[in-house]
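> Pasting a structure here, questions to come.
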Amino acid sequence: MNKQSWLLNLSLLKTHPAFRAVFLARFISIVSLGLLGVAVPVQIQMMTHSTWQVGLSVTLTGGAMFVGLMVGGVLADRYERKKVILLARGTCGIGFIGLCLNALLPEPSLLAIYLLGLWDGFFASLGVTALLAATPALVGRENLMQAGALTMLTVRLGSVISPMIGGLLLATGGVAWNYGLAAAGTFITLLPLLSLPALPPPPQPREHPLKSLLAGFRFLLASPLVGGIALLGGLLTMASAVRVLYPALADNWQMSAAEIGFLYAAIPLGAAIGALTSGKLAHSARPGLLMLLSTLGSFLAIGLFGLMPMWILGVVCLALFGWLSAVSSLLQYTMLQTQTPEAMLGRINGLWTAQNVTGDAIGAALLGGLGAMMTPVASASASGFGLLIIGVLLLLVLVELRRFRQTPPQVTASDS
């Protein structure tokens, strides 16, 4: 493949067996988690007939994920990362078995579902942080953009396939099948992960875990480059919460039930296109400026989305947001890995991922509040243009990020 091609280079899967193992394990894991994501809300709704109870389970799991990301960041910088990944995956699978056994009971326990949701949310995020911290060692820092794009494609593809499989399983066999196959898939991921090389953390002095986590916070706040990247990531995630307005906007556009699906598919489709056409991103001389501009463009797309007179134009705006946000996210991921010291990778990746979780929750809450005071169209536009104003201010304030220059990575024969 020509080094100037816009298309994503897949050669990393051929030349790096360890990354290929992670790629396979991640895809199976995404599908397994998707089966779980369909089953839990359906089971709780069937048991309680309460959307509040369903929302509570999501909130509890999200809180456990946040704690797991914090703890996982400290563990990934302190212990052998392969062991942390395997321990987290195996322990998570045990929780899925618990959900399966609970579903088979004559009267399943709602409390057990909540507790196992906490268990799985914590251990799933624990492994995510360790895997992110280990990626530079697996592929080399010069290949991080390519690895990030392949990972994004894996997540998007798995996120499309798994709900469809989960829905079919619910219709034919019930929630126990979803939980059982999620557990089986999780344990299957251990097979490729066992082939990973040892991934020891860099040597560093022992300190109290809280002190270690605070050191990560201090580094994030003290570094205008890494801190700016994390801030942009949080704002971008807030913008993606616009999906909570889809049902109301669909009524405004008088969309049919089948047409509403296009709204939900638009952002993942745009993001997949962004990942597939990311071939030149790694060769950008000014990735910080490109990140800022693509983020601003994504905010503008959300601002225009609700103003479109026809739903098909709204779908185009969402797809544009997906593409631009994919570009920004890939640049964020690559710069975060390359500009963070090896000894801090676990904690900084944990904090970066955690702000994605909290940014989505904050964005959904703000849009819900705006929706109570404004029309859906006004809410969507206000969120997009409000974030655009903040983004313009950050473009002026984040001088180091805006001016950051890098030497494009050399392309080897295996990449061409």
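For all residues, glycine too, the Cβ spot is worked out from N, Cα and C.
So Swiss-Prot lists these for the protein:
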type	residues	note
TOPO_DOM	1-21	topological domain 'Cytoplasmic'
TOPO_DOM	43-55	topological domain 'Periplasmic'
TOPO_DOM	77-83	topological domain 'Cytoplasmic'
TOPO_DOM	105-109	topological domain 'Periplasmic'
TOPO_DOM	131-156	topological domain 'Cytoplasmic'
TOPO_DOM	200-218	topological domain 'Cytoplasmic'
TOPO_DOM	240-256	topological domain 'Periplasmic'
TOPO_DOM	278-287	topological domain 'Cytoplasmic'
TOPO_DOM	308-313	topological domain 'Periplasmic'
TOPO_DOM	337-356	topological domain 'Cytoplasmic'
TOPO_DOM	400-416	topological domain 'Cytoplasmic'
TRANSMEM	22-42	transmembrane segment
TRANSMEM	56-76	transmembrane segment
TRANSMEM	84-104	transmembrane segment
TRANSMEM	110-130	transmembrane segment
TRANSMEM	157-177	transmembrane segment
TRANSMEM	179-199	transmembrane segment
TRANSMEM	219-239	transmembrane segment
TRANSMEM	257-277	transmembrane segment
TRANSMEM	288-307	transmembrane segment
TRANSMEM	314-336	transmembrane segment
TRANSMEM	357-377	transmembrane segment
TRANSMEM	379-399	transmembrane segment
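A description of the local structural setting of each listed feature is requested, covering burial, neighbours and distances.
Counting residues of the topological domain 'Cytoplasmic' (1-21) by DSSP class, helix then strand then coil, yields 9 helix, 0 strand, 12 coil.
Beyond its flanks by at least six residues, the topological domain 'Periplasmic' (43-55) meets 103, 108, 110, 113, 175 of its own chain at Cβ-Cβ distances under 8 Å.
Long-range contacts of the topological domain 'Cytoplasmic' (77-83) within the same chain, counting only residues at least 6 positions beyond its ends with a Cβ under 8 Å from a Cβ of the stretch, are 130-131, 133-134, 193, 196-202, 204, 206, 212, 343-347.
For the topological domain 'Periplasmic' (105-109), the model gives a mean pLDDT of 95.
Long-range contacts of the topological domain 'Cytoplasmic' (131-156) within the same chain, counting only residues at least 6 positions beyond its ends with a Cβ under 8 Å from a Cβ of the stretch, are 8-10, 12-13, 16, 18-19, 22-23, 26-27, 30, 73, 76-77, 81-82, 85, 196, 199, 201, 268, 271-272, 274-276, 278, 281-282, 326, 329-331, 333-334, 337-338, 342, 345-346, 349, 353, 409-410.
Residue counts of the topological domain 'Cytoplasmic' (200-218) by helix, strand and coil are 10 helix, 0 strand, 9 coil (DSSP-based).
Long-range contacts of the topological domain 'Periplasmic' (240-256) within its own chain (CB-CB distance under 8 A, at least 6 residues past either end) are made by residues 263-264, 267, 302, 305-306, 310-311, 314, 321, 325, 359-360, 362-364, 366-368, 371, 375-377, 379-380, 383-384.
Panel annotation: around the topological domain 'Periplasmic' (308-313), residues 249-250, 253, 255, 259, 262-263 of the same chain, lying at least six beyond its termini, place a Cβ under 8 Å from a Cβ of the stretch.
Residues 40-41, 44, 84, 88, 113-114, 117-130, 133-134, 201, 209, 212-213, 216, 345-351, 353-354, 357-358, 361 of the same chain lie 6+ residues outside the transmembrane segment (56-76) yet bring a C-beta within less than 8 angstroms of a C-beta in it.
If one looks beyond the transmembrane segment (84-104) by at least 6 residues along the same chain, the residues whose Cβ comes under 8 Å of a Cβ in the stretch are 25, 29, 32, 36, 39-40, 43, 72, 75-76, 112-113, 116, 119-120, 123-124, 126-127, 130-131, 134, 174-176, 179-180, 182-183, 186-187, 189-190, 193-194, 196, 199.
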> So if I exclude everything within five residues of the ends of the transmembrane segment (379-399), which remaining residues of that chain have a CB under 8 angstroms from its CBs? That is, six or more out.
224, 228, 231-232, 235, 238-239, 242, 245, 249, 288, 292-293, 295-296, 299-307, 363, 366-367, 370-371
> Of the listed stretches 22-42, 110-130, 257-277, 288-307, 357-377, which one has the most C-beta pairs under 8 A with the transmembrane segment (314-336)?
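The stretch with the most close Cβ contacts to the transmembrane segment (314-336) is 257-277.
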> So what's near the transmembrane segment (288-307) in sequence-distant terms, Cβ-Cβ under 8 Å and 6+ beyond its ends?
225, 228-229, 232, 235-236, 239, 242, 245, 249, 281, 314, 317-318, 320-321, 324-325, 327-328, 331-332, 335, 376-381, 383-385, 387-388, 391-392, 394-395, 398, 400-404
